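Heads up, the thing below is written out as structure tokens.
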């Protein structure tokens with residue numbers, strides 16, 4: 001199957017340059033790229049779709065280039081932004097670029113035989129650019145009218161846009177030209193907001209290769225949306241990162257398992273490598289037995305394992321199951337730290353402290369009277385076990401590896417006692 005057929009079946013193609021020519025070109029191996037600007041020290045799930053697109057192309061026999069924007073990251077892309085980006089110091093951007101390189105290596109095979117992926121950093125050519133030569137040789141190929149007409153620029157004109165960000169599309173176009181010259185790269189892929197920058201690149205290559213038969217292409221993926229109108233990739237706690245130190249695998253797993261029934265089939269097509277037939281089967285289950293949430297569990301399993309590995313995925317599933325069944329006592333200390341990293345907590349040194357007082361210290365209740373009433377009514381659980389004896393001390397309670405006590409008050413309010 002031509003990879004374009006699979007991508008279209010999954011809803012992953014938003015726009016392409018000459019689709020017929022691209023389809024024919026993809027019948028044999030080609031080199032393509034996608035760029036990732038280091039705007040933070042980690043990629044987030046907003047980057048996941050284009051990253052997985054590179055992986056899909058590599059699995060189909062094509063050669064992907066992951067371009068880290070060590071140069072363009074110093075400038076800032078106005079696409080999709082309503083205000084000017086904060087410019088970060090060069091050393092910070094380069095450090096972030098190195099971290100992003102490490103993350104990308106988890107998704108692409110850079111050592112494979114036949115079509116190994118390529119890692120590049122545009123600082124290599126943008127960092128040493130000669131301004132006069134650049135304006136003479138590259139800048140003359142861009143008309144001000146067409147640059148102003150690009151959606152990424154036009155949408156910012158009323159609010160104001162600096163020359164720095166205005167010139168971003170020229171630098172991105174130059175990236176495509178350099179990758180075409182260095183590696184024979186014939187296609188750029190990106191999000192739908194990148195269409196203007198991508199076509200600027202194809203136009204530049206065409207103008208710079210008059211008399212040559214250099215055909216290049218562009219493809220964009222759709223904007224990932226949520227049916228409830230909220231922004232994809234954002235939670236109450238902020239962005240969902242691919243770095244496990246910024247978003248734990250458990251929290252990552254929970255993001256996917258909480259997917260709306262209206263979105264889950266789309267996300268299975270976008271973010272997993274399950275076959276179309278497997279996804280159609282899960283889609284039928286969403287229609288007939290939505291309460292089982294099998295599609296959400298499969299989505300969370302596949303994406304968490306893809307990003308964080310089997311062990312982290314199994315750990316996330318175990319924590320989720322423990323919270324659902326009340327089997328907190330079966331968790332390890334590491335699993336408790338991961339699963340309860342953002343609940344109210346308190347350090348307790350005196351193990352002769354009454355559980356009643358520990359409830360106050362972690363913020364579960366505001367007074368001893370409220371603590372006693374909660375316990376006597378059966379609303380307090382320690383490591384999944386209901387506790388009604390108001391005379392219990394911390395020393396008398398079971399602990400998780402002698403380090404933690406997990407308290408639940410009511411159905412969903414969790415607190416963590418850390419024994420020090």
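Positions of Cβ are set from backbone N, Cα and C atoms, glycine also.
Database features, via Swiss-Prot:
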BINDING   33, 168, 172  L-tyrosine binding site
BINDING   234  ATP binding site
DOMAIN    353-419  domain 'S4 RNA-binding'
MOTIF     38-47  motif ''HIGH' region'
MOTIF     231-235  motif ''KMSKS' region'
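Looking at the domain 'S4 RNA-binding' (353-419) alone, the prediction's average pLDDT is 94. Here the CA atom of residue 168 (L-tyrosine binding site) lies 26 Å from the CA atom of the residue listed as 'ATP binding site'.
The binding residues for L-tyrosine are recorded as 33, 168, 172; their greatest pairwise CA distance is 17 Å. Residue 33 (L-tyrosine binding site): 23 other CB atoms within 10 A of its CB, across all protein chains. Cβ-based neighbour count (10 Å, all protein chains) for residue 172 (L-tyrosine binding site) stands at 27. Around the Cβ of residue 234 (ATP binding site), the number of neighbouring Cβ atoms within 10 Å comes to 15.
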